[in-house]
Amino acid sequence: MITTRFAPSPTGFLHVGGVRTALFSWLYAKNNNGKFILRIEDTDLERSTQEAVDAILDGMSWLGLKNDGEIYYQTKRFDRYKEVIQELIADGKAYYCSCSKERLEELREYQQANNLKTGYDGKCRDANYIPQQGESYVVRFKNPQDGVVSWDDAVKGRISISNHELDDMIIQRADGSPTYNFCVVVDDIDMAITHIIRGDDHVNNTPKQINIYKALNANVPVFAHVPMILGPDGAKLSKRHGAVNVMQYREDGYLPQAILNYLVRLGWSHGDQEIFSIEEMIKAFNLEHINASPSRFDFEKLKWLNKHYIKESKFDDIQTEVEYHFAKIGLDISNGPDLKELVAVMAEKVDTLVELAEKSSYFYSDDISYDENAVKKHIKASTGEIFVKLLENFEALDAQQWQDPDVLYNIVSTTAEQCQVGMGKVGMPLRVAITSSGQSPDIGITLKLLGKNKVVARLTKALEELCK
């Protein structure tokens, strides 16, 4: 069975590069009816935090990238790592090393001064050293000294590294803790991982890991090293480019559907298709069409996709996110129009859900502050007379008539005729009175969504406060 994994370290936030790796791994497993494993690589005890673990889990949940089975934590597998280390020592494939930090520093200085390759010189490799109680030691892996390590990378093609370039790496530190390159191999073997999709910053780790697979007589998985994501300027993606906690995109009003759709096309292609549902991603995804070159993060493209999903999604699919943003700014959605109807009207005017909530606030909050520029521009000496006539005409409408935007628009038009002014002399002051600014959807639709009671109350307030 095809089995992939996403194995983040909880030493920082989950950013878009990590999300894309997780997405590619998840899609490949789903495309092949396989399994997707989530493993938290928390062996760095000093830097790993529960806060970072929670952020990773929250991000994966928000995006809908559900793992199969339990979530694995490396810190709960230390006994297993120690067991395998002892097996390697017993088989002569690893050894105890007593070299002090001072000796290793002197060795490195000597190598650098003489333009030699830096790395461990193998002093303890064949010394058959057995540590005595109280002595400080590490355990090193016996890397092959001859030949090359080669693999056919699913993205980068054939890669070969001479074993002469690799030294005997430490697999157990002096404090007894196992090291990253060793742990991941044991994990991937035990979890039957068949395909490892990860960032190309791991390419240099791969030959070391392959040698450990071989030493443990295990099958070597397929590696697919995905190029990094660059900022719009071609520099390494940083916080100013968007390398922030993926949950910040939620706070900024982006839909998970838009994030996933954007990231799947960032370095992978399927003809000219730009819009993908989750089902379409799963059906189309493969490793062959991952681009070997880095991709640039394009905020405008992400914003365009987000607008598309706000406009085109079924309301049920985005309702939770919409309600989240309305609640975030303190809006009571029970005190206004049906949210589904509102989104259908406002979607064309916004790029994010933050904009949607902010630009729709007057529909739900009666605590509105008039825009001074709009008041100055549209409220004139004659406006009071117009408001009086509007109130008179609106009061005459019954509940059924108020549900028809065309009827409401015609009332505004009729009022303009009655007051012998142009439509703009009525519509714009009316907008200011009922929305606090000069901007809103079509006036008939705005009136319908606000409802008769709100419109009458706000017109009355405007008449008292703006038309003195």
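Cβ coordinates come from backbone N, Cα and C, glycine included.
According to Swiss-Prot:
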{"type": "BINDING", "residues": "CYS97, CYS99, CYS124, ASP126", "note": "Zn(2+) binding site"}
{"type": "BINDING", "residues": "LYS239", "note": "ATP binding site"}
{"type": "MOTIF", "residues": "8-18", "note": "motif ''HIGH' region'"}
{"type": "MOTIF", "residues": "236-240", "note": "motif ''KMSKS' region'"}
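The Zn(2+) site, placed at the center of the C-beta atoms of CYS97, CYS99, CYS124, ASP126, has further neighbours from the same chain whose C-beta lies within 8 angstroms: TYR95, TYR96, SER98, GLY122, LYS123, ARG125, ALA127, TYR129, ARG140, ASP168. Counting Cβ atoms from all protein chains shown, ASP126 (Zn(2+) binding site) has 10 others lying within 10 Å of its own Cβ. Of all the Cβ atoms in the protein chains shown, 18 others lie within 10 Å of the Cβ of CYS124 (Zn(2+) binding site).
Packing around CYS97 (Zn(2+) binding site) is summarised by its Cβ count: 22 other Cβ atoms lie within 10 angstroms of its Cβ, all protein chains included. For CYS99 (Zn(2+) binding site), the same-chain residues 6+ apart in sequence whose C-beta sits under 8 angstroms from its C-beta are TYR120, LYS123, CYS124. Mapped onto three states, the DSSP output places CYS97 (Zn(2+) binding site) in strand.
Taken residue by residue, the motif ''HIGH' region' (8-18) breaks down under DSSP into 3 helix, 0 strand, 8 coil.
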